[in-house]
Protein chains: 4
Amino acid sequence: MPDSSLLSSRKGDHIRINLDENVHSSITTGLEAYQFIPKAIPEINLEDVDISQMLLMKKLHAPILISSMTGGTPEAEKVNRNLAVAARECGVAIGVGSQRAAIENPALAKTFSIRAYAPDALLFANLGAVQLNYGYSVDECRRAVEMIGADALFLHLNALQEAVQPEGNTRFSGLLDKIEKICRELDIPVFIKEVGWGISSEDARRLASTGITGIDVAGAGGTSWSQVEKYRIEAPHRARIAGTFQGWGLPTALSLELVHAAVPDMILFASGGLRDGLDVAKCIALGATLGGMASPILKASVISEEETVLTIKEIIEEIRICLFACGINNLTSLRNNSSILVKRG
Amino acid sequence: MPDSSLLSSRKGDHIRINLDENVHSSITTGLEAYQFIPKAIPEINLEDVDISQMLLMKKLHAPILISSMTGGTPEAEKVNRNLAVAARECGVAIGVGSQRAAIENPALAKTFSIRAYAPDALLFANLGAVQLNYGYSVDECRRAVEMIGADALFLHLNALQEAVQPEGNTRFSGLLDKIEKICRELDIPVFIKEVGWGISSEDARRLASTGITGIDVAGAGGTSWSQVEKYRIEAPHRARIAGTFQGWGLPTALSLELVHAAVPDMILFASGGLRDGLDVAKCIALGATLGGMASPILKASVISEEETVLTIKEIIEEIRICLFACGINNLTSLRNNSSILVKRG
Amino acid sequence: MPDSSLLSSRKGDHIRINLDENVHSSITTGLEAYQFIPKAIPEINLEDVDISQMLLMKKLHAPILISSMTGGTPEAEKVNRNLAVAARECGVAIGVGSQRAAIENPALAKTFSIRAYAPDALLFANLGAVQLNYGYSVDECRRAVEMIGADALFLHLNALQEAVQPEGNTRFSGLLDKIEKICRELDIPVFIKEVGWGISSEDARRLASTGITGIDVAGAGGTSWSQVEKYRIEAPHRARIAGTFQGWGLPTALSLELVHAAVPDMILFASGGLRDGLDVAKCIALGATLGGMASPILKASVISEEETVLTIKEIIEEIRICLFACGINNLTSLRNNSSILVKRG
Amino acid sequence: MPDSSLLSSRKGDHIRINLDENVHSSITTGLEAYQFIPKAIPEINLEDVDISQMLLMKKLHAPILISSMTGGTPEAEKVNRNLAVAARECGVAIGVGSQRAAIENPALAKTFSIRAYAPDALLFANLGAVQLNYGYSVDECRRAVEMIGADALFLHLNALQEAVQPEGNTRFSGLLDKIEKICRELDIPVFIKEVGWGISSEDARRLASTGITGIDVAGAGGTSWSQVEKYRIEAPHRARIAGTFQGWGLPTALSLELVHAAVPDMILFASGGLRDGLDVAKCIALGATLGGMASPILKASVISEEETVLTIKEIIEEIRICLFACGINNLTSLRNNSSILVKRG
Ligand SMILES: Cc1cc2nc3c(=O)[nH]c(=O)nc-3n(C[C@H](O)[C@H](O)[C@@H](O)COP(=O)(O)O)c2cc1C
Ligand SMILES: Cc1cc2nc3c(=O)[nH]c(=O)nc-3n(C[C@H](O)[C@H](O)[C@@H](O)COP(=O)(O)O)c2cc1C
Ligand SMILES: Cc1cc2nc3c(=O)[nH]c(=O)nc-3n(C[C@H](O)[C@H](O)[C@@H](O)COP(=O)(O)O)c2cc1C
Ligand SMILES: Cc1cc2nc3c(=O)[nH]c(=O)nc-3n(C[C@H](O)[C@H](O)[C@@H](O)COP(=O)(O)O)c2cc1C
């Protein structure tokens, strides 16, 4: 059985490494190839642009997800609080990082408990899907959900991250059946997410058959978890293996397009390298319901609550201005509307 | 009611920022992808190349427009005078900057009054189209025209610029009808222009139905007005929003091609990032009647009258040499003649 | 008759130049254009990924070839020993450098004798094919094979390298017939390899008719032998000729694709610019049986036995992780499976 | 009537500027996009590669033209002598620079007189075609030819160069008829060349009807004559006009392909930006009979006779090695054989 103090100190490492080292993928999201076609005559008023929507019975003021990030340490607790306050203030969705440490050691649960700060927010619990091959069942999923009063559960897929770790959990065989079982037994929606290498068409089709509610493609082009692990590994030859995978993965835009074509009726989120409101809006035009960000919001959250709020408001305003300048009033007109994008090159 | 001293000090800021800061779009005009196919045997004489034409009953010696720029401050007055003298000396068309400040405060009218210096020039008045949603009607348009003895009126569209400003005029709803009304009621031709983000096919088709006489696509690739505003905004998070839009807009070449295809009979001007006579000539080959420039001519105009004249003569000579080396005698043979261009890449 | 001390000192030069100078091709392998399509749900366990295979009756633990490099000097002897130990420890195939020096001077044979260190390894002897036009026959080939107890013989083709050398062996006429004769008379398999400029479709078809067992395309994008020779040539004008060919050759990926299409049943190895396990895996997906590397392994081998072993284990682990993250269990599923690659740009 | 001392001092300027300033086109020849497909098994001997050919009854040992460059000053005389000696030693074709100065002032004829140093060389006289519009007739052409004992006459076309010069000869009207007349009246072959901006399809078709024997496309990508003139012009605004044309012209490879397709039976030379034997060989594969170079050979010629010879021998050897490594024996097999090239990107 893993040592939960190891798990939580790992989370501490993660924040530090994410802030201090070059953990960026060596490829780009592909979103930069898309450009909006503005309307010089928008024929609408900026004040009338409404980017709210209902999702899983919750009202979102903007199509933004604060991606699953952290928990388990005092530092993480502070980050989570700032994120939660910002989610509340800005009316956006939010996820916590993997709750495994707190499942192993319930004393850590409070570092994940953000519901108090964001009573109405759409809130996602988080566990590694691979844990279902290491003894986890619907019980642990339920505990994760209850721990934070979540509206839905993210099971994340991170095969490469596990593989580059010296003692990673690399038994991914038979996971589909186990995910199906969780979907059947858990009474709240299950979402699947990657952590930065994207979901392929085939993944999407196979996952769709398990009964999940949605997918966050979490593609390549932003934070690279093999890079993060590279900085945690001490043996130089092992670290170099991790470094070799810096360009790995399906770019976020490509993954989103593939998955959207493969499972057109699935709820899709897009994350991985989104850096501003234009990126979020592009993902929605390409079929996503929410755009998620981790790294840029983490950077704000270690400064202050206010900085976190301002950062998210900035993204929201960028989305609104983008829609305004394209003559689009609301998300329904934006979603799937790839006719407002041109692709260069 | 806006404070006209604010408006005119804003114009002062604009000149300074345009001269001192990086206000360049992060994308290119697309004109660089076009290359002329020279004729080694032009079979004409350079002295016979004639790039004059009649436009709105005025004789132009060269297909150049000094784009709408300024007015409202003493500095602007000097700039306008230098521009006007150069327009006269070189026989090119010229516009003034937005006259709203002088509409609000008639004492400022003299800073726009360039007719005295350029009695025969083709002269364009200028107002923001959006003002039609903020109380302006054909009266203000008439006053702007009369203020400078203009031959035509530019109504500019700048939705994004208004949107990134903390208190911008962002009600663009219903503008098409109001533009149509102006076209009907004003006795001189109305032209529509963007200010650096281009006109789309759909914009062009909708505008065509209002009765305007012409369109200046004013596309992306040159001066970026979100960048200009970025340097005027004090709150860092607001300034960052503006900065996010540095790559916004339809590149000038693309916008020109789209609009030309959408409304082939409309008089078209092209501006936004044109930097020499070759760019002007390319725009004409792609369907424009005039090529407009702002920033490069502004830089000359703050130096002296003579520098302004020399700068425009340089552009004229580049156009003439370009035509000569392509074996083309006049603008009629150049216009719409995209067979003399190759597109790379 | 050439002076074997010249030949062996040339080999000493080669190692030094390869380590100290820029001997890299100015073009790339083309492998960088390929990207794997990962499976977020691999549905396998990393521990079950098996990259072993049988080749020429030998068991290989990984599809890696330590490419033909050296021999003939004391320094080379040490390098060869470290390479041989690593081949044994890692279970990979290995070749020695051209054995001509030891054919001319049998006293040098021991610098090539690596069988003692790698009793079970798949081992390739090496001679320049062009020597068949300079007096060599099946006898010399047999001596080369016996000298090291080889399982197969590489005849290398290096026309450009010979041509840029002041006194290179540049009579390549009639070689095909002589290669055919060797294939008929030698009782072990004959493989043909280039040394860094690739094999074309036409080469492949012509070679196939000689009865060879396999081809190592050894394409451009890695070590450039015209560059190596450039640093050995003293006369500046001759050195510049060599330098002119830095971008010469068929890129490894292109050569592999051409040859695979031309002779689909031939055993193919790919080398030339492969730099990590991902490159090896890409070559196998494009049709190769083994991926070969010279320069990166040379660099490790001049440090120590242990460094050599670690370097190859790193590559092996990269291949295994790559397969795992693509949901592939073994080489049979990887080989020729270009559907797991996307090509960019 | 022009002052011949002006003409000859201009030639002195030209050499200095060509050696000291950045007179390179801002575009490339396009030859870099082509790559040879080598033969690993060339099945020929390097010593048997024969790149000689007969042209205009003269034997050329290599398909190289020392392009028309200079004359008129003592410095030019020295350059011409070194070039002539190299043409003789290497067995290549050679042209002199524009002989107009010596037509105006016969005392300068000796600075062009290279026949003494290269009795058997294929030798081209040179005059600007536009002079036919400024009083020159077949008489002047004959004098130019006789002055140097030329085998053929180059009439060069340089419309853009004339146009950027303050007092250039820019009457190009009616030249085609006059060229036809020269062809009819002169008893040696007339060739047309550009000077660095290329010949278009339409130019080629029109020129073909005049009775010329051949065309040197002299395309863009090498020396830019608008840049050279830029450094000679004193008025900054005029100099900037010249600078605007740095990217002007049809790239050499494109011009060669266009002209070859338009007039497949015309003798073609290619020059403009060729920098080594590979470039020459590419041009021949694309349809040329000779590849010409100016700037690289000028640089050698101001050093010494020996350096000039070595430079050309280097290019010759590069051509021979290129053919050898492609398995090609002679120019007949190379010419028009674009199947030995791949085009990238
Ligand atoms: C500091 C940090 C911690 C993360 N931790 C988790 C996690 O515990 N569980 C998870 O599913 N994803 C985690 N992610 C991945 C993100 O949720 C998301 O999938 C990724 O695409 C965000 O990319 P970005 O940083 O480029 O915006 C983390 C990302 C970061 C930057
Ligand atoms: C300093 C400056 C002031 C401008 N002011 C106005 C203006 O008041 N009204 C308007 O319609 N356009 C204005 N423009 C935009 C230009 O008229 C034109 O549309 C734009 O495309 C010129 O781009 P360029 O600077 O890249 O040449 C201004 C441009 C500049 C550089
Ligand atoms: C130092 C060194 C020596 C080599 N010597 C030989 C040789 O003797 N015989 C041969 O067939 N190839 C020789 N090669 C070429 C390699 O076997 C192989 O064909 C080449 O593609 C490896 O490229 P890489 O260095 O980019 O991995 C040598 C390569 C290197 C780097
Ligand atoms: C120094 C110099 C002088 C030249 N003078 C002439 C000339 O007098 N007449 C002519 O036809 N071309 C002249 N050229 C042009 C070359 O003949 C040739 O057309 C051109 O394409 C060579 O380009 P390169 O320098 O890039 O090799 C000259 C070129 C150079 C570099």
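Even glycines carry a Cβ here, placed using N, Cα and C.
Note that TrEMBL annotation is computational and uncurated.
These figures come from a predicted structure and were not determined experimentally.
FMN binding, as stated in TrEMBL, involves A:SER67, A:SER68, A:MET69, A:THR70, A:SER98, A:LYS193, A:THR223, A:GLY273, A:LEU274, A:ARG275, A:ALA294, A:SER295; the candidate among A:ASN45, A:ASN126, A:ASN169, A:ASN329 given for that site is A:ASN126.
Long-range C-beta contacts of A:GLU162 (Mg(2+) binding site), restricted to its own chain and to partners at least six residues apart, with a cutoff below 8 Å, comprise A:VAL130, A:GLY168, A:ASN169, A:THR170.
Between the alpha carbons (Cα) of A:GLY273 (FMN binding site) and A:GLN99 (substrate binding site) lies a span of roughly 23 Å. Among the binding-site residues listed (A:ARG100, A:GLN161, A:GLU162, A:GLY273, A:ARG275), A:GLY273 have a CB atom closer than 6 Å to some atom of ligand 1, in sequence order. Taken residue by residue with DSSP, A:GLU162 (Mg(2+) binding site) is part of a helix. Ranking the binding-site residues A:ARG10, A:ARG100, A:LYS193, A:ARG275 by C-beta neighbours within 10 Å puts A:LYS193 at the top. When the Cα atoms are compared, A:SER295 (FMN binding site) and A:ARG100 (substrate binding site) turn out to be 21 Å apart.
Set side by side, the binding-site residues A:SER67, A:SER98, A:GLN99, A:SER295 differ in how many other CB atoms lie within 10 angstroms of their CB, and the most is found at A:SER67. Proximity of A:GLN161 (substrate binding site) to non-local residues of its own chain (separation of 6 or more, Cβ distance below 8 Å) is seen for A:GLY168, A:VAL195, A:TRP225, A:SER226, A:VAL228, A:GLU229, given in sequence order. Sorting the binding-site residues A:MET69, A:GLY273 by the number of other Cβ atoms within 10 Å puts A:GLY273 first. Secondary structure from DSSP puts A:SER295 (FMN binding site) in a helix. Of all the binding-site residues in the list A:SER98, A:GLN99, A:ARG100, the shortest Cα-Cα distance to A:LYS193 (FMN binding site) is found for A:SER98.
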